[in-house]
Amino acid sequence: MDISIADLRLDYNLEELLESETSADPFIVFKQWLERAVSSGRLEPNAMTLATISPEGKPRARMVLLKDFDPRGFVLFTNYHSAKGQELIANPNAALVFWWGELQRQIRIEGTVEKISEEESDNYFFVRPWESRLGAWASNQSEVISGRDILEKRLTELKEEYAGREVPRPPHWGGFRLIPSLIEFWQGRPSRLHDRLCYYRQEDGSWQRQRLAP
């Protein structure tokens, strides 16, 4: 089947994004938008693109899951030895993007990351399914392996080792919090004249909101 990518287009006309109807606090807006995405029935509405910077200064991006947020920032979990973990440790500048196509909405976030506390990482790790906790031990994330059988063999060994027991959190596994300096909300509109409200964090911790041309 031939696909004409140039002809793929959608008319955005679901909603509008107005200052008069939007909170001055971007975290309140984010919560409202996330709740709407969850109620829409979208598969994994907490999925987001995480962009990092490689040691060579090149951008890298992949999908991850948001696992918590509050006025301090947005939390994700990973293996600290993984490519993204090492990149975030070496260069804390990062960006997140949420795309909810059914709602014709996007959120773009820029900021810097920091490791969350050991206690916070423990609290999340121990609510994960038992086999997911084993998986954190089984995989040396981002390392080259000869085949999947290596992972399956290691998982089987760990199941035997921890049968009937709690699985501890690996010291190399935990969370990062992205502390935002910019949060932009995008709502699709007709004629490609989309609504964009961008919040910029000020030195005193407050937020300045500005409308951007689409």
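Even glycines carry a Cβ here, placed using N, Cα and C.
Its own atom aside, the Cβ of LYS67 (substrate binding site) has 14 Cβ atoms within 10 angstroms in the protein chains shown. Annotation source Swiss-Prot lists substrate binding site at ARG9, LEU10, ASP11, TYR12, LYS67, TYR124, ARG128, SER132, ARG192, LEU193, HIS194.
DSSP classifies VAL64 (FMN binding site) as strand under the three-state reduction. Sequence-distant contacts (6 or more apart, same chain, Cβ under 8 Å) of VAL64 (FMN binding site) comprise ALA47, MET48, THR49, LEU50, LEU76, THR78, LYS84. Taken from Swiss-Prot, the feature FMN binding site covers ARG62, MET63, VAL64, LEU65, LEU66, LYS67, PHE77, THR78, LYS84, GLN106, GLN141, SER142, TRP186, ARG196.
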Note to self: Using only C-alpha positions, which one of ASP11, LYS67, ARG192 is spatially nearest PHE77 (FMN binding site)? These are the binding-site residues in the record.
What the structure shows: LYS67
Checklist line | Nearest-integer angstrom distance between the alpha carbons (Cα) of LYS67 (substrate binding site) and GLN141 (FMN binding site) | finding: 19
Item checked: Residue pair LEU66 (FMN binding site), ARG128 (substrate binding site) - Cα distance, angstrom, rounded -> 14
Checklist line | For ARG62 (FMN binding site), the one of ARG9, ARG128, HIS194 that lies nearest, given that the binding-site residues are compared by Cα | finding: ARG128
Checklist line | Length of the line joining the Cα atoms of HIS194 (substrate binding site) and TRP186 (FMN binding site), in Å | finding: 7
